[in-house]
Structures are given as C-alpha cells and as structure tokens.
Amino acid sequence: MRILVSNDDGVDAAGIRMLASVLREAGHEVTVVAPDRDRSGASNSLTLDLPIRLKRIDHYTVSVAGTPTDCVHLALTGLLEFEPDIVVSGINNAANLGDDVIYSGTVSAAMEGRFLGLPAVAVSLVTRNHDPKHFETAARAAVEIVARLKADPLPADTILNVNVPDLPWNEVKGFEVTRLGNRHRAEGCIAQKDPRGNEVYWIGPAGREQDSGPGTDFHAVRTGHISITPIQVDLTRYQALEKVASWVGGLSAALDQPA
C-alpha cells in the first residue's frame, strides 16, 4: 500500500522513524510529511495567516513548518504527485486516551486524512514520563492493523485511535476494542515570572483518569492490551436534541419582541 505517515512530535522524532521503517519492511511504499518540530497539542489547527514553508529532506520525506493538520492537508491537496491509500499518524511518544484526542495533533493528523477521504489510523505509545522503551511494539501493531484494514475496510467515516502499552511484543496481552474514557478536570496552570519580572504561565498537567473502567481505552492499556478505539468526527450530542428542541418555540418568540 501507499502510506502517508505524519505525526505531531516532529519529522526527526524516534517514533515516526520507527513507524516508517517498519512499514517499509512490511512492503509498503511510505512517504513522510511531518512538522519540522514538536507540535504536540496542536489539535486540528490549520495555518491560514501565513504561507507554509517546507524542506524536502529526501525523496520520501518532507519537513513542514506547520501543524500536523497542515502536513496532511498539504500532502493530500497538491504536494504529493499520487494519492495514498491510507494515512497513519504516529508513533506518539505518550498516550492519547479519552479526552486527549480533542487536543492531540497525532489524532488530528489522522482525522485530516479522514476528512479528505482516506482511511486513517493514529498510533500512540503509552510511555512513562515520555521515556519510550518499545516503539517497535507500536510499529508492529500498526503493521497488523494496516493489513487488516486493507483486507476488511471500515466505514468511510471511521478513524482508529490506537494506544499501545510500552511493553515488548511478546508481553502484550492482546488487542481490545474500546471506547474513549475520560479524565477529571485538568490541573491548574503554573504561574512564574520571566527574568524581567513579567508574568508567564505554563499549561498544567492533564487531569487524572475518571471514567477508566473495563471497556475503556484507559483500562485496556493498564492491563497490558493494545487499545483500538473507532472514533468519528460527528460531535453532535444526540441525547440532547429533544431537550434543546423544546426550547425552540420560546427562542423563536423572542424574534417577535422589539430589539
């Protein structure tokens, strides 16, 4: 298969290098289009106010001064001379579990591929303190999942969010299909002063696990399993439609009132 690989940790990150290498060893034609530096937490942001510069590192690798979404968007709307068969994003050097997917550049790169009509997979290694031991395990999981997608495609609106425990391949307990869990509210921001006495702030850590029982992505990786969560872009809260619809009459009546 022709595979577009991207990430949010940057084009030189160990995870993306391992992913591209193992996919090539499996016989795939891999092109890497990735940010020129770490863009973790970039979510789905597109650069619209500046031109996007890039550097062609070699025939198969492009470094982009932009977000993960920029990378995939450019690749699929004009940069590449061919249409890939699938987008694989990763390997992220940290978990993307539960609410993390809203902020994740790794997941957003895959999501942009899905927006533009391609199957898409986001792969993350659940590391401790960003100290990865077994990127090869996550890469092998990606190879297996790509093979399965080729043989048995999913519906067109589906993205796979894959989280892999940081274990040797032979210590992984198996694969589990999961739903997204969620976290408690994020911890507070961290206030500091710069050398000139001006206030500066750092975003605080993500909240601790809250909804993390059996069936969730949190539980799967905690018990040594590879979590596969099918996700989609439709953010509609269908359970609230009827309640909100009950307001509409009153809201519409306000249109008849004087301004």
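Placement of Cβ uses the backbone N, Cα and C atoms for every residue, glycine included.
Here the structure is a predicted model, which means the values were calculated and not measured.
Take the divalent metal cation site that Swiss-Prot assigns to Asp8, Asp9, Asn92: the candidate from Ser40, Ser43, Ser63 listed for it is Ser40.
Residue density at Ser40 (divalent metal cation binding site): 18 other Cβ atoms are found within 10 A of its Cβ, drawing on all protein chains shown. In the shown protein chains, 33 other C-beta atoms lie within 10 A of the C-beta of Asp8 (divalent metal cation binding site).
Annotation for the binding-site residues Asp9, Asn92: lowest Cβ count within 10 Å of the residue's own Cβ, Asp9.
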